[in-house]
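Structure first, then comments.
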Amino acid sequence: MRVLLVGGGGREHAIGEALARGGAELYVVSKHKNPGLARISRDYGISKETDVEKVVRFARMWNVDLAFIGPEAPLEAGIVNALEREGIPTVGPTKEAARLETNKAWAREFMERNDIPGRKLFKVFDDVEEMKAWIDEYGKPVVVKPLGLTGGKGVKVVGYQLKDNEEAKEYAEYLIKKDGKVLIEERTDGVEFTFQVFSDGRNVIPMPLVQDYPHAYEGDVGPITGGMGSYSCSNHILPFITKEDWKMALRTLEETIKAMRKEGYPYKGILYGQFMLSREGPVIIEYNARFGDPEAINVLSILEDNLVEIAEGIVKGRVRGAKFQEKATVVKYLAPKGYPENPIRGAEIMVNEEAIKEEGAKIVYASVDENMKLLGSRALAMVGVADTLEEAEKIAEAGIRHVRGPVFYRKDVGTKESIEKRIRTMKELGKEFEPNSC
C-alpha cells in the first residue's frame, strides 16, 4: 500500500518507521528532508506542510492509497479536507474537527455544550476592562491562553510563568490587542499526563499513558518547549494514576468523540488528551488533534499491531483494537544549545549509529538535515525500551553518549527521582492512592 506521510519531525520519523514495519510503501512531504525518513521512503517531496495544494499534487503524482498527517498546522490548513476531496482517505481530523486543538475557545465551548466530564471553568474575552474585572472578581490564580496554535509555548500560568493575577491581566491585555481575544481559565493544580487514543469516529482505542517533560531544564525549570522527553510504564498506566482515574480520563475522550459525531464533525485519527490529575480526578488541560511529540515515539516503539491496518480501520470506520508490548519506554530529546529561545543553527552533530545500536538504544531524527546540521528545534531523540523503567532510562542514557555536538538534554527524564517528585506532588495535594510500580 502506498502511504503518504506529511511531516518531518521526530514524531513523523516514529510514525514512518511503524508504517514501514507494517508493509507501507512510504512517501513523505515535509519542509526539510528528515534523514531517518529519507532512508525508509520511496520518494520525498520538500514543501511547507501547510501548502495544501502542493501536498495534494505530490499525493496525486505518487498515486497514494492513504495519507497520514503528523503535525497540527496542516490540519488547521484543511489538508484532510483537500486530500479526501481527491479521493485519498486520510488519518487525521478535518479542519472543522481539528478545532478541538486549533481553536481553544471553541474546544472549551464544545465541552460545555456537551457536558463533557473533566472540564475547567473558563471565559473568553475580547474586552480588556471586562477581562480585568472578571479576574479581580474570580480572585484565584488563573491560566492565560492564546486561542490558536502556539506549539505549546503561548500558555502562561500564575505561579509559574506569571507572578500573580496582575501580571496575568497584563499578558491577557497583550493577547487581546494582538489576537482580538483571549482565553482565561481556572488554574488546576496537580500532575500532567498524556492519554492518546485512535478513533474512527465511533470506536475509541486507548494507547499506553505517557508523561512528558515540557520544561527545558532539569528539575522542571526553564521555558516551556515542545517536550524534552517522556516515559511510559510496562503496565501502560503511570505511577500516580489509579484505575479509577484512568477510566475517568478515557470516559472524557469517549464522550468527546461521541459529541463530535453528534455535532456533525466525526473525528477520525488520533486524539490526544493533555490531562491534569487534580485531587478530584483528571481534568482536561487541552486537546491535541494528532500524536504528541515526543509521546508518539513512546507508544509506537511498543506497538505490536500493524499501524497500516490500524490506519485502514480508522479511515474505513472499523478500527477494532491495538496491542502494545508490556515494556517501559524512555525518550530523551537532544536539542541545540540555546533552545527554545535562541538555538544554535547550522552546527554539525556527530552520531555513531552503530554504537547506539550496540547499546540497545534507538535513534529518532527530528530537526536536523541530511548532513546532520542543526535546524534550530529539537534535533533527535534517543529511545530506550526495556522490561523496567530503570533499564529503559539507562539504555537511552547509554545511547546519548554516542552523540557529539552543541546539544543538551534533560538527564532527569524517566528517572526514579523525577517520578517520585510527581508522586509527592499528588500526595501533598491530598490525593490518596497507592503508587503503581513502573
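FYI, residue positions are counted from 1 along the chain as it appears here.
Cβ atoms are placed via backbone N, Cα and C, with glycine included.
Feature annotation from Swiss-Prot assigns ATP binding site to 135-194; the stated evidence is sequence analysis. Under the heading Mn(2+) 1 binding site, Swiss-Prot lists GLN274, GLU286. The annotation Mg(2+) 1 binding site is assigned in Swiss-Prot to GLN274, GLU286. Feature annotation from Swiss-Prot assigns Mg(2+) 2 binding site to GLU286, ASN288. What Swiss-Prot lists as Mn(2+) 2 binding site is GLU286, ASN288, and the listing cites sequence analysis. What Swiss-Prot records for 108-316 is domain 'ATP-grasp'.
Feature map: Swiss-Prot annotations on the structure.
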| residue | record | Cβ within 10 Å |
| --- | --- | --- |
| ILE135 | ATP binding site | 22 |
| VAL143 | ATP binding site | 22 |
| GLY159 | ATP binding site | 13 |
| GLU167 | ATP binding site | 14 |
| LEU175 | ATP binding site | 21 |
| LEU183 | ATP binding site | 21 |
| VAL191 | ATP binding site | 21 |
| GLN274 | Mn(2+) 1 binding site | 20 |
| GLU286 | Mn(2+) 1 binding site | 19 |
| ASN288 | Mg(2+) 2 binding site | 23 |
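Note on proximity: of the binding-site residues ILE135, VAL143, GLY159, the one nearest GLN274 (Mn(2+) 1 binding site) is VAL143, by Cα distance. If you measure from the Cα atom of ILE135 (ATP binding site) to that of ASN288 (Mg(2+) 2 binding site), you get 27 Å. Separating the Cα atoms of GLY159 (ATP binding site) and GLU286 (Mn(2+) 1 binding site) is a whole-number distance of 19 Å. Here GLU286 (Mn(2+) 1 binding site) is positioned 19 angstrom away from LEU175 (ATP binding site), judged by their C-alpha atoms. Residue pair GLU167 (ATP binding site) / GLU286 (Mn(2+) 1 binding site) shows a Cα separation of 22 Å.
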